[in-house]
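Taken straight from TrEMBL:
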| type | residues | note |
| --- | --- | --- |
| ACT_SITE | C289 | active site |
| ACT_SITE | H347 | active site |
| ACT_SITE | D370 | active site |
| DOMAIN | 281-373 | domain 'Transglutaminase-like' |
Amino acid sequence: MLTVFNVSFSQLADLRIKYVDLEQSENLESHRTNGFRNTKSLVVRRGAPFKVSVQLEGQPFNPKINTLRVKIMLGFCLCNLYAVMPVTFSKSSSKSSWNAYIDPEEWNPLKPSIYIYSPASASVGSYRFQLCVLTQDGKKSSAYGNFILLCNPWCSEDTVYIPFEDQREEYIQSDFGLLFMGSGTNIVERPWSFDLYESGVLEACLNLLQVSPQHKKNRKMDYLNRNNPVYLSRVVSAMINSEDDRGVLKGNWTGDFKQGVSPSMWTGSGDILRKWNQSGNSPVKYGQCWVFAAVMCTVMRVLGIPCRVITNFNSAHDTDGNLVIEEYYSATGQKLNLTKDSIWNFHVWVECWMTRRDLESGMDGWQVLDPTPQQRSGGVYRCGPAPVKAIKNKRVDLFYDVPFVYASVNADIHTIILGQGQVLGFSKDTERVGSLICTKAVGFPRLQKITGDYKYIKRLFHVYSAGSSQGVLVFLTLDKSPIVGEPVSFSVKIMNKQNVAKMTVVAEDPLAQYEDVVGDNLINLAVVVEDTASQERVLSSEEFNITSPQLIIQVADEKSIKQHSKQTALVTFINPYSHPVSGVLTVAGAGLLQGKVQFRVDQPIPFMPNMVGEKMLQASLWLTNMNVTIRGFKMVSVNSV
């Protein structure tokens, strides 16, 4: 029970407030904020009433001569942002303003229950309230309390309302997920703990808003604008990276992570957000796209805005805005670094669900937001919200950053072969970019394809890489997904497009030993075919990853797991390498374990679930002699006692 004892009164009076009960259990249940039970302040959602009970002393409350009054104050600074309302005995019909009322059927003159209603347009953040009782002769007794107000996707008047319960559970309440990485032909699923309800995470998410440049520049305006998910999402998108402000993460794509933590070593958002908050808001080292996106997903879900993590395979980074990515190769198939444009084998961003009242109709729903610092939007490193519907229909005139995201999923690739300062070959690929866009499926630990949300699919995407000239067509195909410990097998097919016999020379990038090229590293395989008569060269290439082995997690009595009951798990690793390996095993699971715990492989792992529902137990084995991390996860269903 959250009880407020901060009581003051002008002088001893017959009628005064003894304490206020914030009715934590009932409010958390009705506002679907049960996960925030251990937070110091009560956590509720806007657009719905929450209940406080007032224990009075002295004479019973008489509504004919006594008055109850509530004052709501936003933030803890002198911004003059407050609302004062009398406590009535009838529920207000207005949903556009704060109000407070007593249900006559629950009337108790010594312990009245007051319902405080916040409008669905109220600002997100920390609030303070003052509850006063006034007597007929002007004597006053007061009590104070705090609460945190979040967006409410269950409320139809809220601009983040999402109409399906299974989606609300997935995109608001779920504290785990899967990130999809690797390549479009060899997808790797990586478990991630969003840690929504872990210690210190809510506080860090709220502090992120307080530290933002918008708040520092104009606190009052920032507080007022926090009612709008468009505004909130742009603030958060900028604050996840640290390029312009005291943001959460420092990006690093050099491969040298000695001054911090390799992006591949993170397993959840909680450690990152806590470290940032506890360090006085110094950027945490280091992040790459999937880390930026996953941390932003945590922040948005905590604030009450539906959010999911998206992977775009073969994602274009078009620096000059011409919707063309140039790739240069030598005559022998070596990739040349001659342009600032690039194709990432995958890129990860988030989508948030919201109403776009700032745009024309038809642009509501999922919006792209990208916290990875790529280019500036409004002078700041951030991206979005860009309506997915606008991206699909090439509405590059709409806010925010639609042209940049459109290029990420639609740019053409021009492949140019150079030799002795001359262009030896040229080909154009209009299908490779954005070939697969996906997210985690609702309610299931598997991939869901959403490519059709972003683009009109006229034909099936090829599973091979092709190069073409006037006379020759070259296909490069991986025979199967490369797996560590097995040979990489591929096929090259050459088609003659003319009725003239041709002699060709094939030069291919030799595949040596790639046993240790696992994890996030890629192999670029290229084949160049030369028409000896015309000396025209045609290239086909494929970037691919080698799938790492997975850890096997077994849970004892997995069908009868109870909250607050001791359980045991076992992690097994089968070594596919031709040499011995050694490493450190780390196990984590929001709602299952407190923080991360290190164990030996094949050692029993004790855990005690503290939350009911579907949870994810994940393990990672860092192979110290290879600098590679092996992962695995197990879904665990926790029942109430």
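Placement of Cβ uses the backbone N, Cα and C atoms for every residue, glycine included.
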Distance, C289 (active site) to D370 (active site) (CA atoms, angstrom): 9
Segment-level pLDDT (mean, integer) for the domain 'Transglutaminase-like' (281-373): 93
Rounded Cα separation (Å) that holds between C289 (active site) and H347 (active site): 6
Packing count at H347 (active site) (other Cβ atoms within 10 Å of its Cβ): 24
Protein Cβ atoms within 10 Å of C289 (active site), excluding its own: 24
Local Cβ density at D370 (active site) - other Cβ atoms counted within 10 Å: 31
